[in-house]
């Protein structure tokens, strides 16, 4: 590769968006530049970067990122920056967000070939995928106890430190329009990180991290309303019996998702048995197998605290990202971790520490602050279903601007939407827990509408 040419390009890019940058920034970007991913298509016309950003020197915590810029023909310098986070907690944004949902490539069944996605979101924005917290994916800590003591608070703080340091490495993105997007348990991560950025931007007229808003999908939001909505969805869709429904309502409403009572765990186990061999993340989709997703579905804790959707494509990602040539191309696993790369960390998820009962106070604060907030939901997800999301949104008591209406894609209903003062709610018909995986075109329309601050199309 002609690194002198890359150096010139990077210098020109940085100089157009900020004053002269020290050469160390350019050197760091050159170090992180992905020249070519094994198996990628030949017609890739966008820049990619990946590597590590240290968030705690003393304990040796470093988070792995993957930046996928917009195609050169779409002028990436004019496009916003979007941080994507997956949930779990303990699941990888590389495994799900990048490889299965919104990234430019999907991994082929041979675990070797990358295929281009027609509705990749980097056509609309520069995408930054972060594996967080330490212990997830390629992100690591040199202090083993960190993997057993992490929780919401540390995850938010480390993610914020990551952003501060990352923007120093990529100063051309400073002051750029910036959004945070995620799904599932990122329903905690996204608003919590947004709150931190908003608070620490106070006093700056032109903050480097120019946060404009956030969007979450099938998001864990409020324990009480998530319980009500989830159990109601199970019962309304014929997934559980009347007696188990009443048992769940009696045993589970008054406890937290982190510390369920024995009675609640019994009720959840009964619900799991009654649901049988279905894919709870997409109830009308044939499950890939009867092992991984189902064994982790309830697992003695609440369903929305488990891992993300487990289609067969995850198997291909596990093969691909554990290849040494792939890790070398991504500048990943530089410390030679003692465990293989996995889509979700059992340790991080099982030993999760703090998890507040509700994100609604953060919503109220950031709505008042004027941030753009969108919430979307695939309507065939039984893990964090649309009913749970609607109960949580209703609890905010927001004034309605545009009442519930069907939105359209080429004359067909793509879902439904309601616009509130300070928040937009969108459903995607036929989509499961991972909306962009099941309905990529409709998810693309949703993302475009969000970025453009336009309501979902009515015709």
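Using N, Cα and C of the backbone, Cβ positions are placed for all residues, glycine too.
Copied from Swiss-Prot, the annotated features are:
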type: SIGNAL; residues: 1-20; note: signal peptide
type: DISULFID; residues: 91-344; note: disulfide bond
type: CARBOHYD; residues: 142; note: N-linked glycosylation site
type: ACT_SITE; residues: 184; note: active site
type: DISULFID; residues: 252-264; note: disulfide bond
type: DISULFID; residues: 288-312; note: disulfide bond
type: CARBOHYD; residues: 289; note: N-linked glycosylation site
type: CARBOHYD; residues: 333; note: N-linked glycosylation site
type: ACT_SITE; residues: 381; note: active site
type: ACT_SITE; residues: 433; note: active site
*Could you tell me the C-alpha distance between residue 381 (active site) and residue 433 (active site) in angstrom, no decimals?*
5
*Can you figure out which of 184, 288, 333, 433 (the recorded positions) comes closest in space to residue 142 (N-linked glycosylation site), comparing Cα atoms?*
333
*Out of 184, 252, 433, point to the one nearest residue 344 (disulfide bond) in space (Cα versus Cα); all of them are recorded positions in the record.*
184
*What Cα-Cα separation, expressed in whole Å, is found between residue 184 (active site) and residue 91 (disulfide bond)?*
10
*Could you state the whole-number distance in Å separating the C-alpha atoms of residue 91 (disulfide bond) and residue 433 (active site)?*
14
*asked:* At a 10 A cut-off on CB-CB distances, which of the recorded positions 142, 184 has the highest count?
replied: 184
*Quick one: pull the CA-CA distance for residue 264 (disulfide bond) versus residue 288 (disulfide bond), whole Å only.*
29
*Sort the recorded positions 252, 288, 333 by C-alpha distance from residue 433 (active site) and give me just the closest.*
288
